[in-house]
Amino acid sequence: MLSAAAGISLVAAPAHAADPATKLYGIVTSSTEQPLAGVGISIEGPDGFRAEVETDSAGAWEVLVPTKGTYSATINEGDLPSGQALTDPTKGTVKANIFMPGVELRLLFPIGPGVAKATMLERSAQLTVDGLILGLIIALAALGLNLIFGTTGLTNFAHGEILTFAGLLTYYFSAIAKLPVLVAAPIAVLLSAFVSGFLQDRYLWKPLRKRGTGLIAMLVVSIGFAIFLRYFFLFLFGGDTRQLPQYAGQAGLELGLVNITPKSILTTVIGIGFIVFATLWLLRTRMGKASRAVADNPALASASGIDVQKVIRAVWILGAALAGYAGVIVTVNQGVSFLMGQDMLLLIFAAVTLGGLGTANGALVGSLIIGLFVQLSTLFIPTELKYVGALIVLILILIVRPQGILGRKERIG
Amino acid sequence: MDILFIIQQTLSATLGVNAIIFALAAIGLNMHFGYTGLLNFGQAGFLAIGAYSVAVPVITFGLSLWLALLIGIFNSILFALLLGVPTLRLRADYLAIVTIAAAEIVRQIARSATFNDSLGGSDGITGKFGKEFFDLNPFKTGLDTPILRFNGNDLWVVITGWVLVAIITFIMWIMVNSPWGRVMRAIREDEDAVRSLGKNVYLYKMQSLIIGGVIGSIAGFVYALSRQSVQPDNYGTALTFFAYTVLILGGAARVFAPIVGAMIFWFLIVFIEQVLRAGVTSNLIPDWLIGVNQVGQIRFMLMGLGLMLLMIFRPQGIFGDKKELALDAKA
């Protein structure tokens with residue numbers, strides 16, 4: 001069997017020149033996803049292979065290559081229209097390894113609105129703003145995660161799916177039911193509070209607490225629940241990222257050194273409002289104080305007349321509303337996909353761990369640090385590795401302070 | 001509906017390459033979680049280290065496959081040390097988050113375009129890096145019976161793989177029943193008590209992490225060799241979670257649990273998938289309910305649901321002892 005397979009590939013080897021499927025291809029689009037036609041691409045490969053192509057009206061190009069080996073594709077930057085440039089000037093030449101005949105490799109040239117020409121100061125300012133917004137999104141989700149952890153001890157791996165659920169609701173109400181986003185978003189947040197908060201606690205976690213299920217067991221249950229929900233969303237929604245029909249291509253405003261869209265400003269301001277509301281709730285209301293008491297010592301809180309189950313219910317509802325709004329922000333600004341929650345979950349966990357599990361203000365500090373670090377690190381490291389940087393910082397900080405920045409020392413085991 | 005085909009596919013998967021990979025990954029987790037109580041959610045990272053350590057030295061640097069396997073063991077020990085030094089002092093849930101982060105770091109670095117030249121970027125590495133292994137294959141013709149079917153290469157991987165699983169399980173059995181193994185279980189139950197007896201808990205945990213991690217990287221060897229290809233996105237967090245499902249299904253802290261768990265896991269997955277697929281193609285299941293492309297998604301939904309129900313109703317799995325392993329972290 002093996003020798004037969006090897007024989008076939010030996011026979012096929014001289015024939016790959018005619019194999020039409022071995023090719024390099026790509027689509028060149030502008031920063032606003034418009035195809036760019038007439039951009040020259042040159043390919044160099046082994047044995048002196050050279051090819052020159054131009055992108056067609058759909059921005060597409062392809063080159064058939066004869067043998068395996070390492071090829072390099074270079075984009076002619078002079079062909080790019082004004083205002084468009086490579087986001088990373090070092091990425092004008094992309095290398096591609098063809099390991100075997102018959103493969104198709106897609107090459108990307110990341111193009112943005114001339115960011116490469118921006119000064120370091122402008123880039124830093126823009127990234128700081130982006131980082132603060134990302135930090136806010138993380139903080140909204142992390143607050144709820146942390147409150148739930150504090151009151152019930154549950155490390156909820158299904159928290160990211162609350163974001164996805166609210167994002168999908170926003171999409172369905174706005175794109176399918178044709179409601180304006182300003183109506184769809186509040187409905188999504190309310191439904192998130194009810195379904196992901198109240199119902200989820202009532203019919204999943206409360207019965208488990210009553211059964212006396214252990215904390216690690218509940219953690220594993222939440223993993224199973226997250227996998228179930230994620231693929232249920234994929235089943236319903238499909239695998240692509242979709243934009244809301246309204247405000248999709250909104251132009252940014254130039255504010256001093258930074259460029260920011262009005263929708264981003266509005267969603268951020270409302271998000272800050274949510275954070276302030278949640279903080280006041282925790283500090284000022286009876287229920288908020290009760291929730292801190294439960295987090296500190298559930299048995300003592302219960303003995304002093306606090307209805308622990310009621311507090312936990314309130315915390316779930318608040319947490320789901322906050323996380324749901326975080327999902328709405330992402331959906332309005334970047335579109336929604338079934339993986340949205342999973343992508344955010346690790347950052348949320350990193351923020352919470354960094355700040356100290358179970359401490360509410362720790363979650364805020366951790367979120368801002370993670371958000372800023374993720375964005376600002378792209379000044380020095382490739383954008384695709386920005387999450388790696390944040391996770392490495394998480395591990396480094398935990399070496400110095402295993403309990404997190406604001407966590408209490410007794411919390412470590 | 002071709003019932004014989006479904007049986008053939010299901011039984012081949014029950015004894016197949018994937019069952020071996022998950023059995024090995026779960027044996028490693030059993031060391032970490034079952035015996036020492038370490039909630040390692042980064043097992044996929046160890047598999048990725050193993051898989052890339054086989055592919056990269058052979059393809060990129062032209063070294064011998066056997067040397068590459070040694071490099072893989074060495075790398076996994078190195079990764080365990082890197083992971084263990086900052087994390088083993090942490091409480092269970094912190095440890096879970098940090099290990100999951102570490103595994104994601106490995107995957108994202110492996111798939112990044114920055115290291116495209118040596119690690120192959122998001123397309124991974126495909127090539128004949130297992131040639132030296134398959135040259136030893138005495139079963140070139142494969143196996144083709146009505147109930148069991150493997151091609152020549154798969155048959156060789158399956159036979160060597162199960163022998164490897166048997167050897168590793170035997171070593172595990174000796175280890176966990178030794179005085180050393182009793183210290184491990186004592187750490188799981190009460191770290192402070194063990195410390196008060198003068199044992200260096202940190203060192204024992206590190207040994208557990210290294211041993212389980214090396215076994216995980218061996219699972220990565222099998223993963224890479226059986227496919228002659230390494231794809232970074234195969235080593236995501238889902239791989240770790242399903243390895244946990246396998247372990248819990250069999251019963252944590254039982255030597256044979258990962259083997260039985262892996263077989264049952266793949267039996268159920270492939271059986272359900274084949275039945276659904278047959279139902280969809282023969283129009284027994286209406287198209288508006290489940291499309292052909294959605295069968296895989298249903299399968300994952302059932303896997304998630306299965307993990308939940310298992311953990312709620314039978315956390316000790318098939319063989320486990322509920323009293324021995326209450327699966328509870330006291331904060």
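Using the three backbone atoms N, Cα and C, a Cβ is placed for every residue, glycine included.
Lifted from TrEMBL, the feature list:
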TRANSMEM  B:6-29  transmembrane segment
TRANSMEM  B:41-59  transmembrane segment
TRANSMEM  B:65-85  transmembrane segment
TRANSMEM  B:155-176  transmembrane segment
TRANSMEM  B:209-226  transmembrane segment
TRANSMEM  B:238-257  transmembrane segment
TRANSMEM  B:264-285  transmembrane segment
TRANSMEM  B:297-313  transmembrane segment
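Sequence-distant contacts of the transmembrane segment (B:155-176), counting only residues of its own chain at least 6 positions beyond either end whose CB sits under 8 Å from a CB of the stretch, comprise 15-17, 20, 23-24, 27, 30-31, 35, 133-134, 136-139, 142-143, 184-185, 211, 215, 218, 222, 225-226, 255-256, 258-259.
By number of Cβ pairs under 8 Å, the transmembrane segment (B:209-226) is matched best by B:41-59 from the list B:41-59, B:65-85, B:238-257, B:264-285, B:297-313. Outside the transmembrane segment (B:6-29), and at least 6 residues removed from its termini, the chain residues within Cβ reach (under 8 Å) are 40, 43, 46-47, 146-150, 154, 157-158, 161-162, 164-165, 168-169, 172, 211-216, 218-219, 222-223, 226, 239, 242-244, 246-247, 250, 257-259, 261-263, 265-267, 269-271, 274-275, 278.
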